[in-house]
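> Have a look at this one.
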Amino acid sequence: MAEAPPVSGAFKFNTDAAEFIPQERKNSGLYCGSQRRLDSNRIGRRNYSSPPPCHLSRQISYDDISAVHQHSFYPSGSKPKSQQTSFQSSVTNKSLKNHGLQNQPWQKLRSEKQHIRVKRAQGLIDQTSDAPGLENVAKSESGTNLREHSPSESEKEIVGADPRGAKPKKATQFIYSYGRGPKVKGKLKSEWGHRMTPKPEEAGPENTKPAGVIHPDSSDASSRKVVADGARRGEQRRHPQKRSPWEVEGARPRPGRNPPKQEGQRHTNAGSRDNMASIPKDDLNERPAKSTCDSGNLAVVSRSSRRADPEKCAVRRQDPQVASFPRGKQNHMLKNVETHTGSLIEQLTTEKYECMVCCELVRVTAPVWSCQSCYHVFHLNCIKKWARSPASQADGQSGWRCPACQNVSAHVPNTYTCFCGKVKNPEWSRNEIPHSCGEVCRRKQPGQDCPHSCNLLCHPGPCPPCPAFMTKTCECGRTRHTVRCGQAVSVHCSNPCDNILNCGQHHCAELCHGGPCQPCRVILNQVCYCGSTSRDVLCGTDIGKSDGFGDFGCLKICGKDLKCGNHTCSQVCHPQPCQPCPRLPQLVRYCPCGQTPLSQLLELGSSGRKTCMDPVPSCGKVCGKPLPCGSLDFIHTCEKLCHEGDCGPCSRTSVISCRCSFRTKELPCTSLKSEDATFMCDKRCNKKRLCGRHKCNEICCVDKEHKCPLICGRKLRCGLHRCEEPCHRGNCQTCWQASFDELTCHCGASVIYPPVPCGTRPPECTQTCARVHECDHPVYHSCHSEDKCPPCTFLTQKWCMGKHELRSNIPCHLVDISCGLPCGATLPCGMHKCQRLCHKGECLGDEICKQPCTTSRANCGHPCMAPCHLSLPCPVTTCKAKIELQCECGRRKEIMVCSEASSTYQRIAAISMASKITDMQLGDSVEISKLITKKEIHQARLECDEECSALERKKRLAEAFHISDDSDPFNVRSSGSKFSDSLKEDARKDLRFVSDIEKEMEALVEAVNKGKSSKKSHCFPPMNRDHRRIIHDLAQVYGLESVSYDSEPKRNVVVTAVRGKSICPSTTLTGVLEKENQSRPPPPIAHHRQTDKNPGSSNLQKIAKEPVIDYFDVQD
């Protein structure tokens, strides 16, 4: 961050002191007599996002606030009376004006006096002809030239930091001056008055003021500025340690964050703010020093830029529509919605924050709980329910998960506490943040090395970074820098590290850095201990292993001459000195096999050894030293007598295993040195390779990971190339091939420039398709890469395939249109017409007509109904046409097949002929023409039964009593069964269901007849097919309309009754079935039997039917 010029006489806050406590409640009235002295430490300890002290009071001008804070550093006893009086009058005047008390009489008097002073100052300005003259006036009053205090040219240019790494630009900046108001690079603000003032119609809003332009009507404020500057400069010389309120550590806004605005400033233009360029953030290594008054992340703004224009302040005081902030804590409430905390406060205060569990708004009086990980706010009851629900349980952990950040908590919250956790069940106050206690937060920064606590009032969201500063040593420990407390970044200076490296000889030449230094990079040449090998290594390698001659071991035999002068060192390359000769007499104490001490052999008469060249005496026992052959269970030993030197070859055999240990074989020990100790068996490995596609199939395999050596070879997504990697599991990678030709769309308007990855589809084009189409209709689809264009959807008129009608609104791409009507074309047989729906092509094709023949039969007149046989005669078949037969009285009706009816007539005719035999035997003639004509065959009738006879008797009885047939005295019409036989059969299976249906239908018919509506419907519940069929059949009897809806198994029936059409039958179906189920009475017994005259015709008696006795046949 670019450093502003240090303020002379600035002081530094002690953050560890007891007074470093943020003010909990700001005094709302600066004009109160008991609270006139402001504590500058409290002003400085406000939060980074709190407004500066110049904003805390109700629109007090910057001049008055500056005066207030200049006097606030004196003790109460040492403050000059003149300053106290000035402070009281200034604060009182401003505070009263800000509260809108201009209408009071005493206030009007003060306004008039002030107006007189303004006119006098205006006259003083009129006397000055130019800017130098005005400058001389200020110089004469203050005794100091204004230009002498301007900073250097290097300090005037403050470069704005570009976050994208662009070259910094020189921006026009406000520079430090002791005058009132900003000064732009060498020009005083008083010189701005000579510029052209914009026209009123071209000016901005009322409160908007262009940067660097002063209106003519603000000259009175300029004059007062010139007069008052001398006194202020003298005050500054007397008290150099005082700081302005906007320089207080806690009162400056943080860079990158917009400070909260007052209500009166929200409608003003930001032109004055735009003139201040951003202060770039420099690296800590490049900054030479840090000002004691700089707070690290707080922008340093000049005093002149902090002071408001008197004219603007006056306009705001006189504007009745500008709302001022209420007094109390709400003035300092965090309102920056760009931060997490500011957004939470804004939403909770306005009751626009929603609970993530119930999706309801969080009210200011509702108990809440805030997650300490993500800082989301929930209703307390909602988070309790969530924590106890199975969905909140953490996998593999004991606890419950936060609905927002999934952070696992061990305990379920049961109490309603404020955000800082100090107060339970906090009461809501209109002047405080909802759900907060109003006290200082004092929470520690988690995970940071910061001893300070949060100095904000109790707030939601994360605590801001610690505003305190601390002195931190750089990594090399040579320089000190002032950094933010708890800042995790390390401090680096621009000096070399100069620490001793790992070699202990050289120093680190890198710049100040963190962590251990890199190993020494100097290359040295080292020699092994035996001097036969050398190597080049980095300095510091194998430190402490040097023996003065060599630095490492080369793993070769040493070979140096021993002290005995007869033997050489047989050890591996080692540091000096070599071990003494192992054959010296004082070192050899046992025989060569090691079983017998030499002292015993000397006692037995063996000669003693004097030099290393003398042989070692043998004990004469078996050597017994272990040999390298054999197995773990049985170790072979040397079978020779005690001897010097190596043992000879073993004369035994050893068992060795193959590589995979699947098979073994036996070999002589003498051949183990010439042959390999292992062999390969012929077993093939059947395990799958890592690719999962192939088997290993290796002979005597010993691999743990069976890698597949084959190439994958599968086609890639591009469809052009194959995978060239070793065979693997899963999907292949994308094709790495690329084309260096341009890939264009079909029309060439859109282009993808090379390199083009293989498999890339042509680019999408927004141009209209330019291909040649089959039709001449307008084209509405875009350019495409498919070979075939999408179908044309232009609506046209087309004939159907059978040329029956001209169809409209048919899309152009549809070719074969069917109208849905029967074809009706005459078939090749000439007798039938095509019954297919409107179709394409020929009606029959290779097939023949199979429709039934319509030629009438000769015997019955019904159609032939045989498959179409063209010109061939009709085949002789039985007629299967259905006809209706009736009895003589017409009561009985039955539908029968024509062939069955003719056979019945023949049976009746045979019976009639048998009854005429007697007449033929007597010589009488018999009329048989009626029995064999076709007319009689068509007039075949059924036989009357007992009911027909009963009905006939009732008719005669009615005629005898002269009863009219219209009255239906015997209920003949209603007794005629309206229920079909199939309905009766179905109803017998479930009489209770039929009874319930009849009751519903009767109630429906009565309701529609009595009600106002002409139609009324009833919906039956879903039922099976048999029950639905019963309802349909009964609906016909009752005159109801029945329709089935839905699909199985939810298919049901809805019946509708229509007034005048629906009627209840006189006899219900259940009544008819109950009557039929009753036992029938036996027929009447005949008193005499009629016999024929010829008793000899026994066959005729068997054929003839017994006559029915008619008791009502009365002869007149």
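Just so it is clear, glycine is given a Cβ too, placed from its N, Cα and C backbone atoms.
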> With Swiss-Prot as the source, which of 691-710, 791-810, 911-930, 1051-1070 is set down as zinc finger?
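The range carrying the zinc finger annotation in Swiss-Prot is 691-710.
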> Ranges 164-183, 564-583, 604-623, 664-683: which does Swiss-Prot label zinc finger?
564-583
> With DSSP, how much of the zinc finger (691-710) is helix, how much strand and how much coil, in residues?
0 helix, 2 strand, 18 coil
> State the residues, same chain only, that lie 6 or more residues beyond the ends of the zinc finger (829-851) and have a CB under 8 A from a CB inside it; answer 'none' if no residue qualifies.
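For the zinc finger (829-851), the list is 800-802, 804, 816, 818-823, 867-868, 870.
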> How many helix, strand and coil residues does the zinc finger (629-652) contain under DSSP?
0 helix, 6 strand, 18 coil
